[in-house]
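J.: Not my notes, these are from Swiss-Prot:
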| type | residues | note |
| --- | --- | --- |
| BINDING | Arg11, Ile12, Asn317 | NAD(+) binding site |
| BINDING | Ser153, Cys154, Thr155, Arg199, Thr212, Lys213, Arg235 | substrate binding site |
| ACT_SITE | Cys154 | active site, nucleophile |
| SITE | His181 | site 'Activates thiol group during catalysis' |
Amino acid sequence: MIRVAINGYGRIGRSILRALYESGKRQQIQIVAINELAKPEAIRHLTQYDTTHGRFGQTVELQEGKLHIGDDAIALFHQSDATKLPWGELDIDIVFEASGSLIEREACEAHIISGAKQVLISHPSSQDVDATIVYGVNHHLLAAEHTVVSNASCTTNCIVPVIDVLDSHFGVISGAITTIHSAMNDQQVIDAYHDDLRRTRAAGQSIIPVDTKLARGIERILPKMKDKFEAISVRVPTINVTAIDVSVTLRDRVDISIINSVLQQAAKGRFDGILGYTDEPLVSCDFNHDPRSSIVDATQTRVSDGHLVKLLLWCDNEWGFANRMLDTSLAMIRAKSAKSVK
(Lines of atoms letter the chains of each structure in order from A and count residues from 1; the text may use other names and numbers.)
(Lines give C-alpha, C1' and ligand atoms only; values in the text may rest on other atoms or scores of the structure.)
Protein backbone atom coordinates (compact mmCIF):
# COMPACT_ATOMS: atom_id res chain seq x y z
CA MET A 1 0.00 0.00 0.00
CA ILE A 2 1.41 3.37 -1.06
CA ARG A 3 1.16 6.02 1.63
CA VAL A 4 0.59 9.47 0.13
CA ALA A 5 0.00 13.02 1.31
CA ILE A 6 -1.64 15.86 -0.60
CA ASN A 7 -0.07 19.31 -0.27
CA GLY A 8 -2.58 21.90 -1.45
CA TYR A 9 -6.21 20.84 -1.43
CA GLY A 10 -7.69 22.94 -4.23
CA ARG A 11 -9.30 21.83 -7.48
CA ILE A 12 -6.64 19.23 -8.33
CA GLY A 13 -5.99 18.10 -4.76
CA ARG A 14 -9.67 17.37 -4.15
CA SER A 15 -10.04 15.74 -7.57
CA ILE A 16 -7.13 13.41 -6.77
CA LEU A 17 -8.79 12.31 -3.54
CA ARG A 18 -12.20 11.76 -5.12
CA ALA A 19 -10.72 10.05 -8.18
CA LEU A 20 -8.88 7.64 -5.90
CA TYR A 21 -12.13 6.48 -4.34
CA GLU A 22 -13.89 6.21 -7.72
CA SER A 23 -11.07 4.62 -9.72
CA GLY A 24 -10.62 1.31 -7.92
CA LYS A 25 -7.05 2.23 -6.94
CA ARG A 26 -7.96 2.63 -3.27
CA GLN A 27 -6.55 -0.86 -2.62
CA GLN A 28 -3.15 0.36 -3.81
CA ILE A 29 -3.01 3.95 -2.54
CA GLN A 30 -3.85 5.34 0.89
CA ILE A 31 -4.15 9.08 1.49
CA VAL A 32 -2.62 9.53 4.93
CA ALA A 33 -2.56 13.32 5.24
CA ILE A 34 -3.64 16.60 3.66
CA ASN A 35 -1.85 19.90 4.16
CA GLU A 36 -4.14 22.83 3.41
CA LEU A 37 -4.33 26.29 4.97
CA ALA A 38 -8.14 26.45 4.78
CA LYS A 39 -10.32 25.75 7.80
CA PRO A 40 -11.21 22.08 8.46
CA GLU A 41 -14.95 22.62 7.98
CA ALA A 42 -14.34 24.19 4.57
CA ILE A 43 -12.11 21.23 3.66
CA ARG A 44 -14.84 18.80 4.68
CA HIS A 45 -17.58 20.73 2.89
CA LEU A 46 -15.74 21.04 -0.43
CA THR A 47 -14.80 17.37 -0.31
CA GLN A 48 -18.45 16.39 0.11
CA TYR A 49 -19.98 18.93 -2.31
CA ASP A 50 -18.57 20.07 -5.63
CA THR A 51 -20.22 22.34 -8.20
CA THR A 52 -18.39 20.71 -11.10
CA HIS A 53 -18.26 17.03 -10.16
CA GLY A 54 -21.33 16.76 -7.96
CA ARG A 55 -21.79 15.27 -4.52
CA PHE A 56 -19.09 12.84 -3.36
CA GLY A 57 -20.36 9.27 -3.08
CA GLN A 58 -18.66 8.79 0.29
CA THR A 59 -19.67 10.23 3.65
CA VAL A 60 -17.16 12.86 4.80
CA GLU A 61 -16.89 13.82 8.48
CA LEU A 62 -14.55 15.72 10.79
CA GLN A 63 -13.52 13.88 13.95
CA GLU A 64 -10.73 14.90 16.32
CA GLY A 65 -9.01 17.03 13.70
CA LYS A 66 -9.06 14.33 11.03
CA LEU A 67 -11.03 13.99 7.82
CA HIS A 68 -12.97 10.72 7.92
CA ILE A 69 -14.04 9.15 4.64
CA GLY A 70 -15.77 5.87 5.32
CA ASP A 71 -13.33 3.89 7.46
CA ASP A 72 -10.36 6.06 6.47
CA ALA A 73 -9.01 8.77 8.78
CA ILE A 74 -6.87 11.42 7.06
CA ALA A 75 -4.72 13.74 9.16
CA LEU A 76 -5.14 17.47 8.45
CA PHE A 77 -2.30 19.97 8.65
CA HIS A 78 -2.34 23.73 8.09
CA GLN A 79 1.36 24.43 7.66
CA SER A 80 2.74 27.06 5.27
CA ASP A 81 6.33 25.80 5.65
CA ALA A 82 6.61 22.38 4.00
CA THR A 83 9.87 21.62 5.82
CA LYS A 84 7.87 21.46 9.07
CA LEU A 85 5.45 18.76 7.93
CA PRO A 86 5.76 15.33 9.62
CA TRP A 87 6.14 13.27 6.45
CA GLY A 88 8.90 11.13 7.95
CA GLU A 89 6.86 10.27 11.04
CA LEU A 90 3.91 9.35 8.81
CA ASP A 91 6.11 7.24 6.50
CA ILE A 92 4.93 9.09 3.39
CA ASP A 93 5.98 7.44 0.14
CA ILE A 94 4.80 10.18 -2.24
CA VAL A 95 3.60 13.75 -1.75
CA PHE A 96 1.16 14.98 -4.37
CA GLU A 97 2.33 18.60 -4.63
CA ALA A 98 -0.84 20.39 -5.74
CA SER A 99 -0.54 23.77 -4.03
CA GLY A 100 0.54 25.63 -7.16
CA SER A 101 3.03 27.55 -5.02
CA LEU A 102 5.89 25.02 -4.93
CA ILE A 103 6.83 24.89 -8.59
CA GLU A 104 10.61 24.60 -8.85
CA ARG A 105 12.51 21.48 -7.86
CA GLU A 106 14.34 23.25 -5.03
CA ALA A 107 11.05 24.32 -3.43
CA CYS A 108 9.53 20.85 -3.78
CA GLU A 109 12.53 19.28 -2.07
CA ALA A 110 11.10 20.73 1.17
CA HIS A 111 8.93 17.60 1.22
CA ILE A 112 12.02 15.39 0.97
CA ILE A 113 13.59 17.34 3.85
CA SER A 114 10.40 16.61 5.82
CA GLY A 115 10.87 12.89 5.27
CA ALA A 116 8.82 12.05 2.18
CA LYS A 117 10.48 9.61 -0.19
CA GLN A 118 9.22 11.14 -3.45
CA VAL A 119 7.26 14.13 -4.77
CA LEU A 120 4.90 14.21 -7.74
CA ILE A 121 4.14 17.77 -8.89
CA SER A 122 0.72 18.50 -10.41
CA HIS A 123 2.01 21.05 -12.91
CA PRO A 124 5.00 21.67 -15.18
CA SER A 125 8.22 22.32 -13.28
CA SER A 126 11.80 23.36 -13.88
CA GLN A 127 14.16 21.47 -16.18
CA ASP A 128 16.07 20.04 -13.22
CA VAL A 129 13.28 17.75 -11.99
CA ASP A 130 14.19 14.09 -12.35
CA ALA A 131 11.49 13.49 -14.95
CA THR A 132 8.46 15.10 -16.56
CA ILE A 133 5.91 12.41 -17.30
CA VAL A 134 2.92 12.06 -19.58
CA TYR A 135 1.53 8.72 -18.51
CA GLY A 136 1.14 6.32 -21.42
CA VAL A 137 3.86 8.04 -23.46
CA ASN A 138 7.04 8.14 -21.38
CA HIS A 139 6.30 6.74 -17.92
CA HIS A 140 8.67 3.88 -18.77
CA LEU A 141 11.51 6.39 -18.21
CA LEU A 142 10.82 6.55 -14.47
CA ALA A 143 13.70 5.24 -12.38
CA ALA A 144 14.10 4.18 -8.76
CA GLU A 145 16.40 7.11 -7.99
CA HIS A 146 13.86 9.72 -9.12
CA THR A 147 12.67 11.76 -6.15
CA VAL A 148 11.02 14.84 -7.71
CA VAL A 149 8.80 14.21 -10.75
CA SER A 150 6.41 16.47 -12.67
CA ASN A 151 3.14 15.19 -14.13
CA ALA A 152 3.30 17.94 -16.81
CA SER A 153 0.03 19.83 -17.46
CA CYS A 154 -3.51 18.79 -18.33
CA THR A 155 -3.11 20.14 -21.87
CA THR A 156 0.24 18.42 -22.38
CA ASN A 157 -1.36 15.16 -21.26
CA CYS A 158 -4.17 15.82 -23.71
CA ILE A 159 -2.17 16.52 -26.84
CA VAL A 160 1.06 14.51 -26.52
CA PRO A 161 -0.49 11.03 -26.99
CA VAL A 162 -2.12 12.24 -30.22
CA ILE A 163 1.09 13.81 -31.56
CA ASP A 164 2.96 10.63 -30.66
CA VAL A 165 0.51 8.52 -32.67
CA LEU A 166 0.55 10.86 -35.67
CA ASP A 167 4.34 11.06 -35.74
CA SER A 168 4.84 7.30 -35.48
CA HIS A 169 2.42 6.65 -38.36
CA PHE A 170 2.82 9.62 -40.69
CA GLY A 171 5.70 11.83 -39.54
CA VAL A 172 4.98 15.25 -38.01
CA ILE A 173 6.64 18.20 -39.75
CA SER A 174 5.12 21.09 -37.77
CA GLY A 175 2.04 22.16 -35.90
CA ALA A 176 0.05 25.03 -34.40
CA ILE A 177 -2.21 24.68 -31.38
CA THR A 178 -4.99 26.71 -29.80
CA THR A 179 -6.05 25.67 -26.32
CA ILE A 180 -9.65 26.61 -25.51
CA HIS A 181 -9.45 26.29 -21.74
CA SER A 182 -12.14 26.65 -19.09
CA ALA A 183 -11.76 29.48 -16.60
CA MET A 184 -9.44 28.89 -13.65
CA ASN A 185 -9.11 30.24 -10.13
CA ASP A 186 -6.30 32.61 -11.10
CA GLN A 187 -8.97 34.70 -12.85
CA GLN A 188 -11.45 37.20 -11.43
CA VAL A 189 -15.19 36.86 -10.84
CA ILE A 190 -15.50 40.61 -11.45
CA ASP A 191 -12.77 43.01 -12.59
CA ALA A 192 -9.93 43.11 -10.04
CA TYR A 193 -6.18 43.61 -9.98
CA HIS A 194 -3.79 41.00 -11.41
CA ASP A 195 -0.24 41.18 -12.76
CA ASP A 196 -1.57 39.95 -16.11
CA LEU A 197 -3.79 42.80 -17.31
CA ARG A 198 -6.04 40.46 -19.29
CA ARG A 199 -6.67 38.47 -16.12
CA THR A 200 -7.88 41.62 -14.37
CA ARG A 201 -11.12 41.12 -16.32
CA ALA A 202 -14.22 39.15 -15.29
CA ALA A 203 -13.83 35.50 -16.29
CA GLY A 204 -17.52 34.99 -17.00
CA GLN A 205 -17.85 37.81 -19.52
CA SER A 206 -14.98 37.39 -21.98
CA ILE A 207 -12.81 35.03 -23.95
CA ILE A 208 -9.41 35.85 -22.46
CA PRO A 209 -6.04 35.14 -24.12
CA VAL A 210 -3.41 33.91 -21.66
CA ASP A 211 0.20 32.83 -21.97
CA THR A 212 0.97 29.15 -22.46
CA LYS A 213 4.15 27.08 -22.55
CA LEU A 214 2.39 24.10 -24.10
CA ALA A 215 4.72 23.97 -27.12
CA ARG A 216 7.76 23.74 -24.84
CA GLY A 217 5.96 21.09 -22.78
CA ILE A 218 5.50 18.96 -25.88
CA GLU A 219 9.23 19.21 -26.64
CA ARG A 220 10.12 18.05 -23.15
CA ILE A 221 8.13 14.84 -23.58
CA LEU A 222 8.83 14.32 -27.28
CA PRO A 223 12.33 15.74 -28.02
CA LYS A 224 11.83 15.03 -31.74
CA MET A 225 9.22 17.82 -31.74
CA LYS A 226 11.71 20.54 -30.78
CA ASP A 227 10.91 23.80 -32.60
CA LYS A 228 8.08 22.12 -34.54
CA PHE A 229 5.13 23.50 -32.55
CA GLU A 230 3.76 26.83 -31.39
CA ALA A 231 0.71 27.34 -29.19
CA ILE A 232 -1.67 29.99 -27.95
CA SER A 233 -4.35 29.69 -25.28
CA VAL A 234 -7.65 31.37 -24.51
CA ARG A 235 -9.80 31.00 -21.39
CA VAL A 236 -13.55 30.75 -21.96
CA PRO A 237 -16.53 31.25 -19.59
CA THR A 238 -17.05 27.60 -18.63
CA ILE A 239 -15.98 26.06 -15.32
CA ASN A 240 -14.56 22.79 -16.61
CA VAL A 241 -13.51 20.84 -19.72
CA THR A 242 -11.03 22.07 -22.28
CA ALA A 243 -10.82 21.75 -26.06
CA ILE A 244 -7.62 21.77 -28.08
CA ASP A 245 -7.66 22.83 -31.73
CA VAL A 246 -4.53 21.42 -33.34
CA SER A 247 -3.29 21.80 -36.91
CA VAL A 248 -0.47 19.48 -37.97
CA THR A 249 1.47 19.19 -41.20
CA LEU A 250 2.34 15.55 -41.89
CA ARG A 251 5.08 14.07 -44.05
CA ASP A 252 2.84 11.37 -45.54
CA ARG A 253 -0.28 11.95 -47.56
CA VAL A 254 -3.48 11.16 -45.62
CA ASP A 255 -7.23 11.60 -45.68
CA ILE A 256 -9.86 11.95 -42.96
CA SER A 257 -10.71 8.26 -42.81
CA ILE A 258 -7.05 7.23 -42.43
CA ILE A 259 -6.44 9.74 -39.62
CA ASN A 260 -9.58 8.78 -37.73
CA SER A 261 -8.93 5.07 -38.14
CA VAL A 262 -5.38 5.31 -36.77
CA LEU A 263 -6.48 7.39 -33.79
CA GLN A 264 -9.41 5.08 -33.07
CA GLN A 265 -7.11 2.05 -33.09
CA ALA A 266 -4.67 3.81 -30.75
CA ALA A 267 -7.54 4.54 -28.36
CA LYS A 268 -8.47 0.85 -28.32
CA GLY A 269 -4.89 -0.37 -28.08
CA ARG A 270 -1.76 1.20 -26.60
CA PHE A 271 -3.62 4.21 -25.18
CA ASP A 272 -6.69 2.40 -23.89
CA GLY A 273 -8.04 4.33 -20.90
CA ILE A 274 -5.87 7.35 -21.74
CA LEU A 275 -6.98 8.33 -25.24
CA GLY A 276 -10.64 8.31 -26.23
CA TYR A 277 -12.44 8.55 -29.56
CA THR A 278 -15.96 9.68 -30.37
CA ASP A 279 -17.93 10.28 -33.54
CA GLU A 280 -21.02 11.53 -31.72
CA PRO A 281 -22.15 15.20 -31.89
CA LEU A 282 -21.08 16.07 -28.33
CA VAL A 283 -20.39 19.35 -26.53
CA SER A 284 -17.95 20.23 -23.77
CA CYS A 285 -20.16 19.33 -20.79
CA ASP A 286 -20.45 15.77 -22.12
CA PHE A 287 -16.79 15.27 -21.19
CA ASN A 288 -17.15 16.48 -17.61
CA HIS A 289 -15.81 13.85 -15.16
CA ASP A 290 -14.15 11.89 -17.99
CA PRO A 291 -11.07 10.07 -16.60
CA ARG A 292 -9.20 9.93 -19.91
CA SER A 293 -6.43 12.36 -20.81
CA SER A 294 -7.75 13.14 -24.27
CA ILE A 295 -10.75 12.39 -26.48
CA VAL A 296 -10.54 12.78 -30.26
CA ASP A 297 -13.67 14.33 -31.77
CA ALA A 298 -13.76 12.49 -35.10
CA THR A 299 -16.60 14.67 -36.40
CA GLN A 300 -14.20 17.63 -36.51
CA THR A 301 -11.25 16.03 -38.31
CA ARG A 302 -10.31 17.89 -41.46
CA VAL A 303 -7.57 17.37 -44.06
CA SER A 304 -6.32 19.99 -46.54
CA ASP A 305 -4.16 19.11 -49.55
CA GLY A 306 -3.43 15.65 -48.12
CA HIS A 307 -0.89 16.85 -45.55
CA LEU A 308 -2.43 19.55 -43.34
CA VAL A 309 -4.60 17.94 -40.66
CA LYS A 310 -6.89 19.74 -38.20
CA LEU A 311 -8.13 17.93 -35.09
CA LEU A 312 -10.33 18.79 -32.13
CA LEU A 313 -9.47 17.15 -28.82
CA TRP A 314 -11.42 17.27 -25.55
CA CYS A 315 -10.33 16.72 -21.97
CA ASP A 316 -11.64 17.21 -18.46
CA ASN A 317 -8.74 19.36 -17.33
CA GLU A 318 -9.39 18.46 -13.67
CA TRP A 319 -10.62 14.88 -13.57
CA GLY A 320 -8.52 13.42 -16.37
CA PHE A 321 -5.36 15.00 -14.96
CA ALA A 322 -6.15 13.81 -11.41
CA ASN A 323 -6.45 10.25 -12.69
CA ARG A 324 -3.07 10.53 -14.41
CA MET A 325 -1.56 11.72 -11.12
CA LEU A 326 -2.70 8.43 -9.60
CA ASP A 327 -1.36 6.42 -12.55
CA THR A 328 2.02 8.15 -12.47
CA SER A 329 2.36 7.66 -8.71
CA LEU A 330 1.85 3.92 -9.14
CA ALA A 331 4.41 3.89 -11.97
CA MET A 332 6.91 5.66 -9.69
CA ILE A 333 6.47 2.97 -7.04
CA ARG A 334 6.77 0.19 -9.63
CA ALA A 335 10.07 1.69 -10.81
CA LYS A 336 11.33 1.74 -7.23
CA SER A 337 10.16 -1.82 -6.59
CA ALA A 338 11.78 -3.12 -9.78
CA LYS A 339 15.20 -1.97 -8.55
CA SER A 340 14.73 -3.52 -5.11
CA VAL A 341 13.80 -6.86 -6.72
CA LYS A 342 17.02 -6.78 -8.74
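Every residue gets a Cβ built from N, Cα and C, even glycine.
Tell me about the setting of these features in this model.
T.: Remark: Asn317 (NAD(+) binding site) has Cys154, Thr155, Cys158, His181, Ser182, Asn240, Val241, Thr242 as non-local neighbours, by Cβ distance under 8 Å and separation of at least 6 in sequence.
Look at Ser153 (substrate binding site): DSSP puts it in coil. If you take the C-beta of Ser153 (substrate binding site) and look for same-chain residues 6 or more apart in sequence within under 8 angstroms, you find His123, Pro124, Leu214, Gly217, Phe321.
Every protein chain shown contributes to the tally, and the Cβ of His181 (site 'Activates thiol group during catalysis') ends up with 22 other Cβ atoms within 10 Å. In three-state terms derived from DSSP, His181 (site 'Activates thiol group during catalysis') belongs to an extended strand segment.
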J.: Just checking, which of Thr155, Thr212 (binding-site residues) has the fewest C-beta atoms within 10 Å of its C-beta?
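T.: Taking Thr155, Thr212 as the binding-site residues, the minimal 10 Å Cβ count falls on Thr212.
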J.: Can you check what DSSP calls Arg235 (substrate binding site), collapsed to helix, strand or coil?
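T.: Looking at the DSSP assignment, Arg235 (substrate binding site) belongs to a strand.
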J.: Within the chain of Arg199 (substrate binding site), which residues six or more apart in sequence place their C-beta under 8 angstroms from its C-beta?
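T.: Set apart from Arg199 (substrate binding site) by at least 6 residues yet with Cβ under 8 Å, we have Asp186, Gln187, Gln188, Ile208, Val210.
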J.: Among the binding-site residues Arg11, Lys213, point out the residue whose Cβ has the most other Cβ atoms within 10 Å, with all shown protein chains included in the count.
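T.: Counting every other Cβ within 10 Å of each candidate, the maximum falls on Arg11.
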J.: Could you tally the C-beta atoms, other than its own, that fall within 10 angstroms of the C-beta of Arg235 (substrate binding site)?
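T.: By my count, 22.
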